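Engineer: Marked as transmembrane segment by TrEMBL: B:12-33, B:40-57, B:63-86, B:98-116, B:143-162, B:192-217, B:229-250, B:262-280.
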């Protein structure tokens, strides 16, 4: 049994049907990338997994337990943690307060000291308000806020978007380290090359359908299938 | 030009009124900031607080017991309002929220009128608050001084709850982004219930504390509500520090203007509000308006 | 059978019958002539609120300010002897309230929702206190003004005084009737349709080229005029002008009456007022019932807001209409389901395959804005000059320059976060650039605002549908076409909305172009997603633009719908310059002659489609770049890491 099993979910966003019978699975300690053009349904998939959107039909099981239709706070307590695209750092709260909010309902989560070890930069800025952080620092805080809860699965939505190249390198290194430590991660990212450097498996999305499934190694060796879902004609 | 003594005593009146407005407005503003609901029943709840003090005072003869009992009553009303009505309106347009809270306010006021009649009631000043106190430069009613102190203590208490407890942490996070709070495993609806009840207790306490100073009538809260709207516009919608500073500014404007010409005190207040809305719509402390 | 114009006027006729019959039939039921007169006065007051809230969606808690202003101005003029004629005093009072409304509205209409309610409430209170103290020499302060005379008809010995009772009822009934007829004309005028659209989706109305604040201010001022007239008549009819005309409770009572009676129905305020006054006058007489009536009314009001939101008249009208329209609605929904099912299955929905049918040019009946051919850049439709937009430290768009040739289909592409949406918003002047400018046929567009941009011939369709869901397809298109026909703002309150031949011809043409002819009278909320997407494009086109900006026109469409929409875009492109952002690159390379590529806020490539397609930098931007050697084989796809300059 996989850690996460998603069976033919359909999600509507307002009046538009966004996900069509999406099925996927994620094993323990695995890093899975969801790739596809903008608007292909990747972010919607993550938001549906987290419970921020309710699927119209289909099942989602985490550790064998059905979680579809539950509110986000219940799903978070089962061990799923989304790091949203817009980061959603609390701007009027300090770095430390941001982390403390996250830890409130995770009794077995990390200590602050453990977070400071992984993110020395955040320790330096622990009393700064979220809105004063740089984009890269905000992204680190967003990831740290997920890690402090010590979740079973982390969902990373576009972690490298809109950041300077040097910061992106730092974040790639961090993500790779998490992968090597055996964290289970589902990542959505446009920077395909970066993602393929640490992901083990890939799902390709197009128009709300899963159109490809394969190993990252295979894609690295032969990128041809990517044209079907990344969209640049040769 | 009024004498220094008149100005000083008016400044004190302004402080008393301002602190009261700060308490009323802080309840209004944390509800607005967290839940996004502008509570048009706030004035009615002020009156409910005052009547609760009246009933409890008659029953127990102790002002302190009356305050404690009153808080319990306000808490129950707050819970009931949120559970039965308000929570169904989080996703509805602003206009519907305003209308339904206005309706609740109407029902509460008319309920008071039906129960107690339209005539005004008196709540005695507590025994420890009678008489006047000499402050060297002026003689001032003791209870009004105590009122300022009690409200200051309550506001400090509210500050500590908001800024030093984990519940407060959740509330402040929720004001910014309730969705993300849910994603971090926290039941936002319970937080909303808590915030709403705290806001109702705050305005109820203001009504109870003010009851010994004025005639208690069913309509007594209306002007406080409108003034507290001005306060939160001045301070920035949803800002707790803004409610306190805005409350004090409003109180002083009303009191000091009436030292010169009482006819213009309220006019000045609304004039200032118009100015703020044109020049700085986000208020003194708001980073951005909700609209 | 009634003739056509008579049938169209059935609400007026029905009201006339009710107003004539009421003083005869209703008094035995507890409605005295005095009660009916007061109800009519409230109803006249409420007509204004119904236009403001029911039509334009603006909830005011400060209408008492204008009721009081009209009342006190008229009463003061009469009692002080400055004006002899009661009729003239009515007129001056009404106009004074209108002027006051214009001033308050100027501040208030820029805000919505909570802010709007609070501003109106605060100005209402301010007016109350101004009457009460600073102006008490004129207004009598807390005492009000007593001895306001009643109006007189005729001169000298033959003059008739309109006294309380039946004569006053007749006067108020006649005034309300005229007010109602006028209000209905306003509702069915172009201004009425635009206000309805404002209530549904304010930003879209502005995008279509209508001056939204001006229309809202018009509604606000109309409401104040109604309130002023009602206030002026109040003093005269009870020969006393009470200060509580200015009170908050007056504004509140008006809101409650209007909602209970049925907002947006124009007769709702009358029914609500009659009910309120009847309950008060009759229930108060029952011992032990005293103030209970208002409590009961309050509970009923909460129930109405929570559940049945239409109010008494609204509910009756709704049920009446539903009877006739239920079958049509069912048919419309069935069609929608069929279209969506077909789209989900991937079947081709259009009855004819568009690629095989010869595609005629789209000729719009309404002229596009004239382009001055003498200017140097007449062949460059749109030009971005060093456009930049910074949000804090983030440079969403950073110095982008390119040109869109007249008559071409031009695409902007780029990976997520490249700044396309921000760029597009600057091109239509929804967002002002931090630096740089947009030129339309060589003339500066930047700084004009989105409404003016549309008026000058740049229209935009949105990535997410911005339609008026409760209006029909025809009405949606009409709102768009009216913007071209009438300009930014026009106060044609009495013109019928379907009265412009050019607008109707434009709408008819658009219905054909969009293949929505069968859906013309269907509420847009019921349409299938693909139809809504088509209409979204059609709304922009219906403003007869020279340049059409399409933001992800294919978003969310099924494959067959994509084919049909691409054909539509190509058709439109024969007579109109098109600039589009789209993620479906197959469609982009199929449609566009020239392509501009953005990456990380900067211009990466710009040129003919074939050249851009082969550009290695573009490929790299799309697949991303590995940051270091550890990316291993990842680099094999995209080549060595190379940051675009």
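All positions are counted from 1 along the displayed chain.
Note that Cβ sites are derived from N, Cα and C of the backbone, with glycine treated the same way.
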Engineer: Is the transmembrane segment (B:98-116) packed against any residues at least 6 beyond its ends, judged by a Cβ distance under 8 Å, and which are they?
Structural biologist: 37-45, 47-48, 51, 54, 81, 85-86, 89, 218-219, 221
Engineer: Any residues 6+ beyond the ends of the transmembrane segment (B:143-162) with a Cβ under 8 Å from its own?
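Structural biologist: Contacts of the transmembrane segment (B:143-162) (Cβ under 8 Å, skipping residues fewer than 6 from its ends): 12-13, 15-16, 19-20, 22-23, 26, 30, 125-126, 128-130, 133, 168, 171-172, 198, 202, 205-206, 209-210, 212-213, 240, 244.
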Engineer: Cβ pairs under 8 Å only, please: of the recorded stretches B:63-86, B:192-217, B:229-250, B:262-280, which one is richest in them relative to the transmembrane segment (B:40-57)?
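Structural biologist: Answer is B:192-217, with the largest number of Cβ pairs below 8 Å.
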Engineer: Can you tell me which parts of the same chain pack against the transmembrane segment (B:262-280), counting only residues 6+ beyond its ends and a CB-CB cutoff under 8 A?
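Structural biologist: For the transmembrane segment (B:262-280), the far contacts come to 227, 230, 233-234, 250, 253-255.
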Engineer: Going along the chain, which residues at least six beyond the ends of the transmembrane segment (B:229-250) come within the CB cut-off of under 8 Å?
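Structural biologist: Same-chain residues near the transmembrane segment (B:229-250) but 6 or more away: 14-15, 17-26, 28-30, 32-34, 155, 158-159, 162, 175, 269-270, 272-273, 276-277, 282-287, 289-290.
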Engineer: In the same chain, who gets a Cβ under 8 Å from the transmembrane segment (B:192-217) while lying at least 6 residues past its ends?
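Structural biologist: Non-local partners: 20, 23-24, 26-28, 30-31, 34-35, 39, 42, 45-54, 63, 66-67, 70-71, 73-75, 77-79, 81-83, 86-87, 90, 118-126, 129, 143-144, 147, 150-151, 154, 158, 161, 167, 171, 174, 178, 224.
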